[in-house]
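Enquirer: One structure follows; several queries about it will come next.
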């Protein structure tokens, strides 16, 4: 019986397969009970002749070493992660069964979906669907495992296969011009060829009127609020640190205010930013996620084999438990431990914010409504990819024995970068956002904040010792952090000035900066 903690030895070979070398040699020598060292001598000093233990291949490819015993460094590792306390049959590699299932699926598609009189577009759609089906089926069996073993490693291998397919699709689309991209999307759905209707944003920011006292409630609360809150529950369950999740929450609100001159749907009333987004959806979802982590982490789990449970109710509860994570431990990112750790976590936050910004930019360029199914499918795919990605990145960051990032993290990071390049290329070709100049009340605070934060980074990690940083007190610590809080105040100022309905201090700030704009923005 154990608590829901991670166990690095749980997803590999059986415990009896992990005997120390001395014990294995002792067994080979007859099991006399004497411990035999690596050089063949007993504990008492007597040397004995040790026969090599019989070697039985645990994987078909391991038979390679039976012929080439000198090439042991070429012996492949076990490609299948597993849990030792569930059901043995669930972790048997059914490669032949999957192969036959894929063949059967292709034959069924030929029987029920393929007709000689189909158009070229319909044939291409069917062929691409079949190709994706085959690749995901292949990936579910043969792609490498992640650190996730619930509900089954094959599920996460399938998610990785979907991520690779999306990465290949993005790479192909990068080399198409915007008109070709729109034509391809039009073949998929002709409604994507129609421009989006014009809408006004943040025009009426009243919370109540004489005619409608509950205007705020009636206007703001809809299905998107539930989806928004659920998204932050997932973020909390994935990141497992409320401070990092709060940084993502506040960071995206600042991004919305920063780029509202580019994307009109970023223009929101003050209560939409502060009340709905930050306090209700983001903070509410984060609190629910924290409660779930606390509740699940404090609970004792009996991870016993399914065959050892006698009652149907117990088997059902064990199967339902398989759908959740094996471990619910909290993460401690230690952002300010070192400059390397700071930039690692900052890079993760930047990628998460970039993915969310891509969602809104892609909708604008590809003329998709917010409720369009491809928008939802994309968000679901990134949520699935983020789960093993962040687990692998956390292990890479915090475990000194891990020297490279995992496959899921590699594919996810590359996918976000390629997606950003594709969207930026389409925006340039379509002359989107090129005439929009960042307002003074946004650009100047950002310039001061970046300069102040750069000074803080140099002083905090270059001047303060590790002991001073850990004690978090003293005159030197306070003086250095003045630059950090100055950067935070600049960001707060641009947020308040950028609110389209309040515009707190915007006129006074722009009036004061106007005489110096030609020096500040010398490149314009």
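Using the three backbone atoms N, Cα and C, a Cβ is placed for every residue, glycine included.
Just so you know, TrEMBL annotations are computer predictions that nobody has curated.
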Enquirer: Identify the region 'Disordered' range according to TrEMBL, selecting from 1-56, 57-112.
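Expert: When 1-56, 57-112 are checked in TrEMBL, region 'Disordered' belongs to 1-56.
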Enquirer: When you get a sec, could you say which of 384-403, 444-463 is annotated transmembrane segment by TrEMBL?
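Expert: Spelled out, TrEMBL records transmembrane segment over residues 444-463, not the other listed ranges.
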Enquirer: In TrEMBL, which of 211-231, 274-294, 295-315 is labelled transmembrane segment?
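Expert: So the range that TrEMBL calls transmembrane segment is 274-294.
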Enquirer: Do any residues of this chain, six or more beyond the ends of the transmembrane segment (96-114), have a C-beta under 8 angstroms from a C-beta of it, and if so which?
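Expert: Sequence-remote neighbours of the transmembrane segment (96-114) are 126, 129-130, 133-134, 137-138, 140-141.
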Enquirer: State the non-local partners of the transmembrane segment (475-497) in its own chain: residues 6+ outside its ends, Cβ under 8 Å from one of its Cβ atoms.
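Expert: Counting only partners 6 or more residues beyond its ends, the transmembrane segment (475-497) has Cβ contacts under 8 Å with 253-254, 257-258, 273, 441-442, 445-446, 448-450, 452-453, 455-456, 459-460, 463-464, 468-469, 503-506, 509.
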